[in-house]
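The next block holds one structure in the form of structure tokens; read it before the comments.
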Amino acid sequence: MTQLTHINTAGEAHMVDVSAKNETVREARAEAFVDMQAATLAMIIDGSHHKGDVFATARIAGIQAAKKTWELIPLCHPLLLTKVEVKLEAQPEHNRVRIETCCRLTGKTGVEMEALTAASVAALTIYDMCKAVQKDMIIGPVRLLTKSGGKSGDFKVDI
């Protein structure tokens with residue numbers, strides 16, 4: 001089994017030194033879902049929500065979250081992201097919203113946490129904007145879909 005990289009030999013948490021790593025193009029995609037009642041989803045789709053455009057707000061929140069991941073997750077490095085994309089898709093057949101994010105950079109460490117944080121915060125923003133009309137929405141699952149670049153190689157979730 002692979003060792004945890006954020007734990008030193010004394011068992012203490014530390015930020016990984018990436019200075020000796022090669023710069024490569026790194027990309028990660030993640031997804032999250034927000035399940036809700038049909039009426040709540042219809043309000044989002046038809047734009048009648050009193051707080052405004054739910055998808056636009058969630059998209060911006062996800063982008064901002066990716067850029068601030070290093071401030072939220074203690075051992076993440078601050079990164080110079082070159083791409084953050086947040087796609088939101090209403091899925092009326094399932095009474096939910098699907099969020100897919102993509103983060104990219106050329107650097108020495110991966111962007112998995114940035115993609116996951118973007119998806120999570122976009123989902124939380126949808127909840128925040130819609131909680132006045134429905135409090136029992138369900139967020140999840142949130143998961144990494146793909147990652148590429150870096151020493152550990154590529155990853156793709158089995159769908």
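Quick reminder: no glycine exception, Cβ is built from N, Cα and C everywhere.
What Swiss-Prot lists as substrate binding site is Leu75, Cys76, His77, Met113, Glu114. Under the heading active site, Swiss-Prot lists Asp128.
Distribution of Swiss-Prot features across the structure.
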{"residue": "Leu75", "record": "substrate binding site", "DSSP class": "coil"}
{"residue": "Met113", "record": "substrate binding site", "DSSP class": "helix"}
{"residue": "Asp128", "record": "active site", "DSSP class": "helix"}
Inset, instruction - Take the C-alpha atoms of His77 (substrate binding site) and the residue listed as 'active site' and report the distance between them in angstrom, rounded. - result: 28
Inset, instruction - For the recorded positions Glu114, Asp128, work out the Cβ neighbour count at 10 Å and name the residue with the minimum. - result: Asp128
Legend entry - Cβ within 8 Å of the mean position of the Cβ atoms of Leu75, Cys76, His77, Met113, Glu114: remaining residues of the chain near substrate: Thr69, Trp70, Ile73, Leu79, Thr109
Legend entry - Other CB atoms, at most 10 A from the CB of His77 (substrate binding site): 15
Inset, instruction - Rounded to the nearest Å, what's the C-alpha distance separating Glu114 (substrate binding site) and Asp128 (active site)? Just drop the number here, would you? - result: 21
Legend entry - Pairwise Cα distance maximum in Å, substrate-binding residues per record: Leu75, Cys76, His77, Met113, Glu114: 12
Inset, instruction - Tell me the Cβ neighbour count for Leu75 (substrate binding site), meaning other Cβ atoms within 10 Å of its Cβ, over all protein chains shown. - result: 13
Inset, instruction - Count the Cβ atoms, other than its own, that fall within 10 Å of the Cβ of Cys76 (substrate binding site), considering every protein chain shown. - result: 20
Inset, instruction - Please tell me which one of the binding-site residues listed here (Leu75, Cys76, Met113) sits closest to the residue listed as 'active site', measuring Cα to Cα? - result: Met113
